[in-house]
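These notes concern the structure reproduced below.
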Amino acid sequence: VAAAYGLARLLEGGSGSRTARGLIAWDGDWYISILTHGYDGVAREGARFFPGYVLVGRLFDVVLPGGPVTALLLVANVASLVATVLVFRLALAETADRATALRAAWALSLFPSAFVLVWAYGEGLFLALALGVLLAARRERWWWCAVMGLAAGLVRPTGALLALAVAAAACRPTSVVPQRVVARVAAVAGGPVGTLAFVWWVSSRFDEAFLPLTVQRELRGDPRNPLARLVEGLADLGRSTTWTDGLHAVAAVVVLVVLVALFRAWPARYGVLAGACLLVALAADNLNSLERYVFNGVPVVLGVATLAGYRRFGQLVPVVSGAAMVVLATAAWTGSYVP
C-alpha cells in the first residue's frame, strides 16, 4: 500500500486531491462526516453507508486521543489484523494444515482490493465479523454466530448474505433439542436482521422507504442479469468508452476460476457465500468497486490459498495478487478506479 501511495504521488506530481486525502480517500470522507455530524448532517447519499463501522469508531474516539480520523483508521487496521488471524484459524480448523492456513492469511492480506483494509473503510471490521460468524458456525456456537452476524449486518449490507453459509452449517444433523433449534434459527437470521434494522431505521428517519437501497440503485443502476452483464462487460473490452467495465468483467472471470477451486477443496457453504457476493456485484449496470464487493465474500481467499498450493501456481499467485493490489490502490489514489 505504501508503494502504491508513493507511485500515485509520483504520477500526480504530488498535487492530486485523492493522494492528499491519504488513507481517508473516497468513502473515508463519508464515514468521517457521518461520525462527526451524524446522518442528518450529510447529503442524502450518505444513507448508503451502514452505521456499524461509525459506531465502533465513535467509541474509539471517545476513549482515545487523535480525533475521528485516528479512531476510524485504528478500527480499520486493528480489525484487519483480527480478520487475518481468524482466516488463519478457520483454514486451520477446516484442513488441519498449517501451510494452507498461512496461505489463507497472506491471500487475505494480498487480495487485489485488500488495500482498503488499511483505509478508513468498513471492510476490515466486516471481514473480521464475517470470519467470526463462519468460525462460530463451524464450531456450532450459534448464539455467538447470531450476535456477530447481527453486527456484520450493521457494518455492510452484504452481512445479510452470511445467512446462506450459516444456514448450510446449521442444517447439519443434530439432536432435536428446542433450545438448539432456536439458536440455529437466530444464527441464520443474525445478518439479515442487522441489515434490515438499519434499512428500517434510516428509512423511517428520512421518511423514504428503503432509502439505502434506493441511493445505491441510483449510483449503480437498475438490477441486471449477472450472466448477461458479465458477457456485456467482456464485450466492453473492445470499446474505447467502456473498456474499464471490461476490466471488471475480466476480474469476475478470474473470481469464477477461484470459485471452482473453492468449491472443489472446501465445504460448499464457503463457495455459496463467495458466489453470492459475486452475483450481487455483477447484478448492476455499474460495475465499479466489483473487486471490493467480491472481497466481502471472504471465503474467496480460501480459493486463492488453494490455487497457491498447487505446485505450478505456488509462486505466481502471491506475486500476481500483490501486483494487482498495487495497481488498484495506485489507480484509486489517482482517481481512475473507484474502490
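Using N, Cα and C of the backbone, Cβ positions are placed for all residues, glycine too.
Annotated transmembrane segment per TrEMBL: 69-92 (among others), in sequence order.
Feature annotation from TrEMBL assigns transmembrane segment to 141-169 (among others).
What TrEMBL lists as transmembrane segment is 181-202 (among others).
Taken from TrEMBL, the feature transmembrane segment covers 246-263 (among others). Sequence-distant contacts of the transmembrane segment (246-263) (same chain, at least 6 residues past either end, Cβ-Cβ under 8 Å): 112, 230, 232-239, 270-271, 274-275, 278, 281-282, 287-288, 290-291, 294, 299-300, 302-304, 306-307.
Summarising the annotation, TrEMBL assigns transmembrane segment to 270-287 (among others).
Taken from TrEMBL, the feature transmembrane segment covers 293-310 (among others).
The feature transmembrane segment is assigned by TrEMBL to 317-338 (among others). Long-range contacts of the transmembrane segment (317-338) within the same chain: residues 1, 3-5, 7-9, 11-12, 16-19, 25-26, 106-107, 110-115, 288-289, 291, 304, 307-308, each at least 6 residues beyond the stretch ends and with a Cβ under 8 Å from a Cβ of the stretch.
Within its own chain, the transmembrane segment (293-310) is flanked in space by residues 83, 87, 90-91, 94, 99-100, 103-104, 107-108, 111, 113-114, 116, 123, 126-127, 130-131, 134, 156, 158, 161, 165, 251-252, 255, 257-262, 264-266, 270-271, 273-278, 280-281, 317-318, 321, which lie at least six positions past its ends and keep a Cβ under 8 Å from the stretch. Stretch with the largest number of CB pairs closer than 8 A to the transmembrane segment (270-287), among 69-92, 141-169, 181-202: 141-169.
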